[in-house]
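Summarising the annotation, TrEMBL assigns domain 'Aspartate/glutamate/uridylate kinase' to 31-263. Positions annotated as site 'Transition state stabilizer' by TrEMBL: LYS35, LYS244. Per TrEMBL, substrate binding site is recorded for GLY70, GLY71, ARG92, ASN184.
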Amino acid sequence: MKTQTMNRDWIATAETLSSALPYLQRYDGAIVVIKLGGHAMGSDEAMETFARDIVLMRQVGVNPVIVHGGGPMINAMLEKLQIRSDFVNGKRVTDAATMEVVEMVLSGVVNKRIVQAINRQGGRAVGLSGKDANLITCDQADPDLGFVGAPADLDPKVLYGLFEKDMIPVIAPIGAGRDGETFNINGDTAAGAVAKALQADRLLLLTDVAGVKNGDGDVVTELKAADVEAMTASGVIAGGMIPKTETALDAVRNGVRACTIVDGRVQNSVLLELFTDHGAGSMIRA
Ligand SMILES: Nc1ncnc2c1ncn2[C@@H]1O[C@H](COP(=O)(O)OP(=O)(O)O)[C@@H](O)[C@H]1O
Ligand SMILES: CC(=O)N[C@@H](CCC(=O)OP(=O)(O)O)C(=O)O
């Protein structure tokens with residue numbers, strides 16, 4: 001005969017599951033776009049946890065869409081090939097040789113690592129880039145940056161097809177040009193464009209800081225568009241945070257319900273953000 005005494009941890013687990021019900025109901029059928037940055041990708045264990053969270057989201061009726069970066073992985077390959085690389089305002093100056101490496105790394109190893117991690121957890125992930133099924137057509141962002149793309153036309157039909165088949169799209173931020181060129185898109189920018197095209201319920205930008213910090217270094221958990229503008233004007237929001245908050249503002253002003261800058265280093269941060277009272281970052285609303 002087996003006996004057991006009730007353990008406090010089990011009761012806490014059951015309480016957590018029970019308290020998630022209103023959130024599970026709220027997000028049933030929702031579209032959630034998640035940007036996974038290169039810095040947030042981390043170890044195989046961290047990737048496994050992230051993948052499990054994504055599969056759980058799909059299991060409870062959310063339609064997750066992953067848009068990834070991979071800046072550090074591109075840097076490593078360019079270094080191996082002894083190709084110099086410069087950034088201007090957080091964007092990589094991309095000549096033809098660099099573009100080849102960017103596409104090879106993002107659409108290749110990085111995309112397939114995420115796809116495989118999700119599939120190993122029992123999901124059905126499909127890797128795409130903006131070139132597939134005309135998902136992202138770009139114009140050149142700025143002649144000084146070379147082949148850096150500004151998403152211009154999005155055709156998200158392929159994504160709806162994948163949702164219907166219970167599949168999880170994993171998108172590399174590469175776009176097609178109108179004259180057959182290939183464009184390198186900043187990962188945050190690509191995620192924002194996809195979220196807008198899908199009129200997503202949530203856009204989560206995973207990064208390696210606790211959230212948007214104010215002048216005292218404290219994380220601000222909720223920001224209105226006007227707060228972001230004031231903090232950017234005063235220089236409190238700077239560097240790599242600028243493309244993120246710009247993307248967030250553009251998204252929430254164009255039909256995305258809310259955007260959160262999430263600390264991707266926190267275990268299960270995506271679940272915490274969606275299914276509990278304890279968000280894991282800074283939420284930006286219009
Ligand atoms: N107000 C701010 N709050 C938080 N981080 C900020 C702020 N201003 C600038 N940053 C910088 O932005 C960085 C995040 O951007 P980035 O390194 O490009 O992220 P990722 O690699 O995840 O895309 C932080 O590590 C931090 O140094
Ligand atoms: C135009 C541009 O800068 N593209 C980025 C694309 C990858 C990216 O955005 O990666 P993270 O999200 O990891 O930073 C790059 O070449 O690094």
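Using N, Cα and C of the backbone, Cβ positions are placed for all residues, glycine too.
Please treat TrEMBL annotations as automatic predictions, because they have not gone through curation.
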For substrate, with binding residues GLY70, GLY71, ARG92, ASN184 per the record, max Cα distance (Å, no decimals) returned as 12
If the substrate site is taken as the center of the Cβ atoms of GLY70, GLY71, ARG92, ASN184, which further residues of that chain fall within 8 Å of it by their Cβ? GLY38, GLY69, ILE74, VAL102, VAL105, LEU106, PRO173, ASN186, GLY187
Can you give me the same-chain residues 6 or more apart in sequence from GLY70 (substrate binding site) with a CB-CB distance under 8 Å? GLY38, MET41, VAL105, LEU106, VAL110, ALA172, GLY187
Cα of ASN184 (substrate binding site) to Cα of LYS35 (site 'Transition state stabilizer'): how many Å, rounded? 16
What is the total of other Cβ atoms whose distance to the Cβ of GLY71 (substrate binding site) is within 10 Å? 21
Mind giving me a neighbour count for ASN184 (substrate binding site)? Other Cβ atoms within 10 Å of its Cβ, every protein chain shown. 26
What's the CA-CA gap between ARG92 (substrate binding site) and LYS35 (site 'Transition state stabilizer') in angstrom, rounded? 18
Write down the Cα-Cα distance for LYS35 (site 'Transition state stabilizer') and GLY71 (substrate binding site), rounded and given in Å. 13
